[in-house]
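Asker: Encoded as structure tokens, here's the structure I'll be asking about.
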DNA sequence: CCTATTCTCGCACAGTCGTGTTATATTCGG
DNA sequence: CCGAATATAACACGACTGTGCGAGAATAGG
């Protein structure tokens with residue numbers, strides 16, 4: 001019978017080509033042809049795995065979310081609670097070239113029209129997932145008594161943390177802050193949110 | 001002699017057409033033809049005022065910055081120091097349809113490739129101007145003793161305020177927060193940054 | 001080897017893009 | 001009224017877009 005290739009693996013390769021194009025030339029340069037050229041294939045071959053450009057972009061964004069989620073769940077919590085929170089959230093921020101490319105992909109979807117329904121759903125999942133992560137972290141910090149007192153309602157703390165993370169990320173992507181400046185500001189914020197103190201309980205829940 | 005039209009006025013009209021297209025269909029739909037159609041002119045007429053698409057986009061973004069700046073400088077400070085800061089920064093955030101369109105324009109430039117040098121310069125001015133505004137506000141609050149104590153260095157407070165403003169703005173543009181939720185979160189943050197107390201000095205410097 | 005099935009490629013199509021170039025309208029000083 | 005200067009319009013060109021389509025290459029079972 002015929003030649004058999006791993007479709008899922010090929011789609012991941014194509015998605016990585018999309019990331020490279022976005023990171024290098026911006027999302028406006030993403031087209032079926034440019035992505036095929038980046039991956040080293042013909043545009044006809046690409047169309048066997050993605051029939052439309054929107055589908056290609058949506059998969060590329062979904063894969064970013066999946067990769068970041070996997071990295072976060074694979075993290076072993078070491079050190080203080082604050083260091084654990086820091087390590088988790090820094091996985092979503094542009095601290096190096098790879099994470100910068102991932103963040104660029106995620107943010108590119110917001111600026112585009114997003115008329116496509118599938119893209120809009122991916123975008124919605126991206127933001128709500130990130131908010132729920134912030135809410136979970138803040139809640140855990142409160143449960144172990146690590147959160148600075150007094151503090152506003154947990155939903156407010158979570159939304160604010162979410163805004164700080166995305167705001168700093170945006171400023172790095174725009175070239176307004178360097179990754180080092182971003183990390184320093186983020187550390188200063190976390191130090192106020194989760195102050196130093198003898199931890200009343202271990203970080204592992 | 002020939003028919004004379006106000007070039008600057010025409011360019012402003014065209015820029016407003018750009019805003020409408022971006023707000024309605026996204027920045028990807030901005031082209032010489034779509035903008036000309038939105039403004040009710042032919043594409044040839046448009047080319048008398050903007051020879052290239054990049055120049056058109058850059059002018060549209062510059063005009064947004066100019067308009068927001070004018071609105072802020074025209075504000076009369078009324079009420080408490082915190083209310084003054086709130087009123088100033090809310091001018092830059094998507095609280096209504098008009099300001100949402102302006103914010104969309106400014107953010108659209110970040111996601112695009114921004115390979116064009118002129119666009120990159122406009123973008124840089126946009127972010128540094130916003131940061132300097134935050135730094136000035138924080139410094140004034142510190143000078144009149146309105147800033148919560150203890151507080152980090154003023155540069156840190158300014159960068160954090162900037163990140164919160166842009167993060168909340170991004171979340172509204174992405175449809176993740178409603179303008180009302182954004183305003184509520186922003187108020188909660190300002191209430192911690194500039195707590196209630198008998199003001200030691202009037203707000204007017 | 002043969003054949004069926006899958007994969008890959010390249011081209012064609014219609015549309016849009018940015019950008020010229022050319023021609024027509026429109027207007028005002030003389 | 002007239003011609004000079006400007007504004008607007010219309011079209012042409014090449015390049016690019018997303019998306020189909022068909023031909024050929026590659027492979028695994030018979």
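Using the three backbone atoms N, Cα and C, a Cβ is placed for every residue, glycine included.
Bear in mind that TrEMBL entries carry predicted annotations, made automatically and left uncurated.
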Asker: In TrEMBL, which of B:31-50, B:51-70 is labelled DNA-binding region?
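Answerer: The listed stretch tagged DNA-binding region in TrEMBL is B:31-50.
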Asker: Provide the three-state DSSP residue tally for the DNA-binding region (B:31-50): helix first, then strand, then coil.
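Answerer: Counting residues per DSSP class in the DNA-binding region (B:31-50), I get 12 helix, 0 strand, 8 coil.
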Asker: So what's the average pLDDT for the domain 'HTH tetR-type' (B:8-68)?
Answerer: 88
Asker: So which residues does the DNA-binding region (B:31-50) touch in its own chain, when a touch means Cβ under 8 Å and the partner is 6 or more beyond its ends?
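Answerer: Tertiary neighbours of the DNA-binding region (B:31-50) are 7, 10-11, 13-14, 17-18, 20-21, 25, 56, 59.
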